[in-house]
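As given in TrEMBL:
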TRANSMEM  33-53  transmembrane segment
TRANSMEM  62-84  transmembrane segment
TRANSMEM  115-133  transmembrane segment
TRANSMEM  145-161  transmembrane segment
DOMAIN    145-282  domain 'EamA'
TRANSMEM  173-193  transmembrane segment
TRANSMEM  213-231  transmembrane segment
TRANSMEM  237-257  transmembrane segment
TRANSMEM  264-282  transmembrane segment
Amino acid sequence: MPTLAMAALALSVLLHVAWNLTARHTEPDRRFLWWALLAFLALVGPWSIAALISEAAWSWRLALLLAVTCVAEAAYFVALGIAYRHAPVPLVYPIARSSPILIALWTTQLFGERLPASGWLGIALSVAGVLWLATTARGGAPARALPWALAAALATSIYSTSNKLAVAALPSYATQIGYVSVSFIAAWLALSWENHRQLGHWIPKAAPHPAKWIVGGLFIGNAYALVIYAMQFIPAAYAVAFTNAGIVLASVIAMTCFKERIQWRARLAAMVTICLGLWMLTLA
């Protein structure tokens with residue numbers, strides 16, 4: 001794997017872990033995702049969207065791909081937010097991150113990308129480990145959360161495929177993060193609509209501590225943009241699968257720092273399975 005792609009994905013993993021741990025320790029009624037996206041758009045949106053407008057290789061194809069990403073991104077955040085209200089992050093997020101197998105199907109069957117057998121096996125192992133890890137989580141109402149977590153996985157596969165097809169027209173990191181900013185506008189509006197539909201108001205009445213949602217927003221946006229950056233060099237399914245290393249890291253932190261030892265043997269076996277799959281991807 002190219003060094004630049006590996007470095008971008010490693011940083012993306014750290015940012016994913018940081019914002020997910022923050023969301024994990026924020027009360028659901030404080031709508032962490034809504035506030036985090038708002039912070040990102042306020043701080044990064046203006047200059048990054050300007051870069052996207054002026055520097056991207058615009059065409060009807062790029063505009064269509066951006067529209068697809070916006071719709072899928074909005075669906076992802078709404079589905080993820082609803083799932084988090086029914087079950088804890090350790091159950092919901094791994095299911096939502098099971099998308100690499102779908103991405104591999106879309107890119108190979110619809111767009112002619114070719115993956116070696118070792119690549120398919122690595123993706124399958126990493127996804128199996130992620131789903132295994134989800135089964136060790138406890139609490140909430142899993143039956144109510146599962147459809148929304150699966151919907152988030154489907155949405156992830158759609159916007160990731162769209163991002164891969166668009167990245168050739170995004171010549172710089174500024175344009176790539178501008179692309180993310182536009183999609184986050186759609187996601188933030190969708191979350192606002194969900195607030196209004198469920199609670200009767202567009203803006204959440206309570207907010208997390210400002211440090212949480214401001215820093216969290218910067219982490220979320222850059223975590224997404226770094227994956228798009230890596231897609232310049234490797235297949236989309238590989239890029240998204242590698243970010244699942246963050247689930248392993250978050251689980252290690254939960255088990256060691258927060259003393260979450262329930263089903264630790266099964267969790268450890270699941271993490272080893274994920275790592276084995278990712279190791280195979282480095283060789284593919």
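Quick reminder: no glycine exception, Cβ is built from N, Cα and C everywhere.
Model, not experiment: these values are computed from the prediction.
For the transmembrane segment (145-161), the partner stretch with the most Cβ pairs below 8 Å, chosen from 33-53, 115-133, 237-257, is 237-257. When Cβ-Cβ distances below 8 Å are used as the criterion, the transmembrane segment (264-282) is approached by residues 1, 118-119, 121-130, 132-133, 135-136, 238, 241-242, 244-245, 247-248, 251-252, 255 of the same chain, each at least six residues removed from its ends. Ranked by number of Cβ pairs under 8 Å to the transmembrane segment (62-84), the listed stretches 33-53, 115-133, 173-193, 237-257 are led by 173-193.
With Cβ pairs under 8 Å as the measure, the transmembrane segment (33-53) is packed most heavily against 173-193, out of 115-133, 173-193, 237-257.
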